[in-house]
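Visitor: So that we are looking at the same thing, I have put the structure below in structure tokens.
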Amino acid sequence: MADSKSGDTEVAHRSSDPSEKRGGWITLPFMLVTLLGMSITSFGWGMNLIVFLIEEFHIKNIAAAQISNVVNGVVNMLPVVAAILADSFFGNIPVISTSTFISLAGTSLLTLITSLNYLMPRPCETGSILCQSPSKLQLGILYVALALVIIGSAGTRFTLAAAGANQYKKPKEQGRFFNWFFLALYIGAITGTTAIVYTQDNASWKLGFGLCAVANLISFIVFIAGVRFYKHDKPLGSPYTSLIRVLVAATMKRKAVISSKDEDYHQYGLGKEAKTYTTMPSKSFRFLNRAALKNKEDLNTSGDSSNNMWRLCSVQEVEDFKAILRLVPLWAAVMFLSTPVAVQMSMTVLQALVMDRKLSPHFEVSAGSLQVIVLVFGCVFIMLNNWIIYPMYQKLIGKPLTPLQQVGIGHVFTILSMAISAVVEAKRLKTVENGGHPMSVLWLVPALVMVGIGEAFHFPANVAVFYGEFPESLKNTATSLTSVVIGISFYLSTAVIDVIQRTTSWLPNDINHGRVDNVYWVVVIGGVLNLGYFLVCSWFYKYRNLKDDDHEQDPKDVKT
């Protein structure tokens, strides 16, 4: 009877908790519209950045490509900072609302820069090859604007993913949300890469950046309007402290003999972690098991565990730390997967600038808009994968494709895209050498299609792996890790381009006198080596939280 009463009391308490009544599918429109607007904004100013720097600020081609890589690197690195702030201090909702406002300030400043002549260098004189360089003041204001839009974009993209997934309790509902999330992300990216970039190239930069600011403003208003429906997860302090504690405790007890008895280990976690602890630490990374091992110094006079949190951790805290360590090799493989793509994106813009971009006498493709091909085919194949390819594979083989298998397929398509790019560039250089008419920009399409298909396989799967396998208290960090990988890859691509430029003659300012095809073959070789490394890592990796039934395609998901 006592148990029954306590159970009824607990149910009554939960039903009276306002946070329990929030969340669910009512939040989906607010989340998706916010994401859609922010995607239009970030891709609108970001995809044409190289062209903007070259044409309006008179920065040299390779230097502009390098600046773009650095900007993209920061955009994708900073989400982990936003994740730390959300996980440890403020929660998702305040971080997202603040970030959208900061982004709005940045897009407004970009609009102002292109509206006032004295904030940009004077246009080049007709027929002159010498153009006025930007002043320090002009560059300074430009960098402030870029810093604001970078912070705003970084604080929303993957924090929105974690905030949206937090609105649902069941893993399958979270999976369905991620499908909608990536669909909205790609639709926004396509819109920004086509409509906004076309406006910048054919109307004015002022109008293009102004439209970015409008989309940003709509995102901010819609997100704030939905606050009363969101489920707010209160941060329980820094989850990173427990990770450091595991290292400290294991080091302090490094001479202790590891026990094989479960009663010798401290079993109790805190908060959400208390319900998921294991009775015995796993055998992998056994030296860390000492952090949860109880000895005389860890017991107080009453025989209970000591209150010294730096000497004794729970088994669950140890296992959480191990889970992160197991993911590090896979994380590195994803990083080296994204590096060739970052190189390719920069080189593709430079190639397009010296190719025939006219599709008709009255229509010319923007060099920055070519990335839309990646987004379109990524969007299409995300839908095909979830609604046709994955269910068909499951029906034929009898078991679903695991996330790591999906990532492996993405590796293959990425390598194929680099090889195609190398062949096309060799043909283009041959045409230039023979004095023929510039090749059509459509020759770049097949490689970009392969990149898009590859992203449809590996991008959502990587997010699913990190989100599913990371500890409960680090879910924001989990979703941001994919972005961090992309950010590091942009820095690595900048380093690769810099090394090639210093050691070879393949990348002059005029790529018609270079060998960009050789650059592509270098990244093809790197991609093949990385694929081999990934296959070894994935072969030995054992899923911690994700089970086979989590990968299975639900008919309801297909309809949705």
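Each Cβ is built from the backbone N, Cα and C atoms, and glycine gets one as well.
Keep in mind that this is a model prediction, so the values were computed, not measured.
Copying in the features that Swiss-Prot gives for the protein in this structure:
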type: REGION; residues: 1-20; note: region 'Disordered'
type: TRANSMEM; residues: 34-54; note: transmembrane segment
type: TRANSMEM; residues: 77-97; note: transmembrane segment
type: TRANSMEM; residues: 101-121; note: transmembrane segment
type: TRANSMEM; residues: 141-161; note: transmembrane segment
type: TRANSMEM; residues: 177-197; note: transmembrane segment
type: TRANSMEM; residues: 207-227; note: transmembrane segment
type: TRANSMEM; residues: 323-343; note: transmembrane segment
type: TRANSMEM; residues: 372-392; note: transmembrane segment
type: TRANSMEM; residues: 404-424; note: transmembrane segment
type: TRANSMEM; residues: 441-461; note: transmembrane segment
type: TRANSMEM; residues: 480-500; note: transmembrane segment
type: TRANSMEM; residues: 520-540; note: transmembrane segment
Visitor: For the transmembrane segment (441-461), which recorded stretch in the set 77-97, 141-161, 207-227, 323-343, 480-500 gives the largest number of Cβ pairs separated by under 8 Å?
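Guide: Result: 323-343.
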Visitor: By Cβ distance under 8 Å, which residues at least 6 away from the ends of the transmembrane segment (101-121) in the same chain are close to it?
Guide: 38, 41-42, 45, 56-58, 131-135, 138, 141-142, 144-153, 155-156, 204-206, 209-210, 212-213, 216-217, 220
Visitor: Answer yes if the transmembrane segment (480-500) and the transmembrane segment (207-227) have at least three CB pairs under 8 Å among residue pairs 6 or more apart in sequence, and no otherwise.
Guide: no
Visitor: Taking the transmembrane segment (323-343) as the reference, which of 141-161, 177-197, 207-227, 404-424, 520-540 gives the largest number of Cβ pairs under 8 angstroms?
Guide: 520-540
Visitor: Quick one: find which recorded stretch in 34-54, 177-197, 207-227 has the most Cβ pairs under 8 Å with the transmembrane segment (77-97).
Guide: 207-227
Visitor: Should anything in the same chain at least six residues away from the transmembrane segment (207-227) have a Cβ under 8 Å from its Cβ atoms, list it; otherwise answer none.
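Guide: Contacts of the transmembrane segment (207-227) (Cβ under 8 Å, skipping residues fewer than 6 from its ends): 27, 29-31, 33-38, 40-41, 44-45, 48, 93, 96-97, 100-101, 103-104, 107-108, 110-111, 113-114, 152, 156, 192, 195-197, 199-200.
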Visitor: Out of 34-54, 141-161, 520-540, what stretch is closest in contact terms to the transmembrane segment (404-424), meaning most Cβ pairs under 8 angstroms?
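Guide: Ranking 34-54, 141-161, 520-540 by Cβ pairs under 8 Å to the transmembrane segment (404-424) puts 520-540 first.
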Visitor: Under 8 Å between C-beta atoms and at least six residues away from its ends: which parts of the chain pack against the transmembrane segment (141-161)?
Guide: 31, 34-35, 38-39, 41-42, 45-46, 57, 71, 74-79, 81-83, 86, 92, 95-96, 98-107, 109-110, 113, 119, 134, 178, 181, 185, 216, 219, 463, 467, 476, 479-480, 482-483
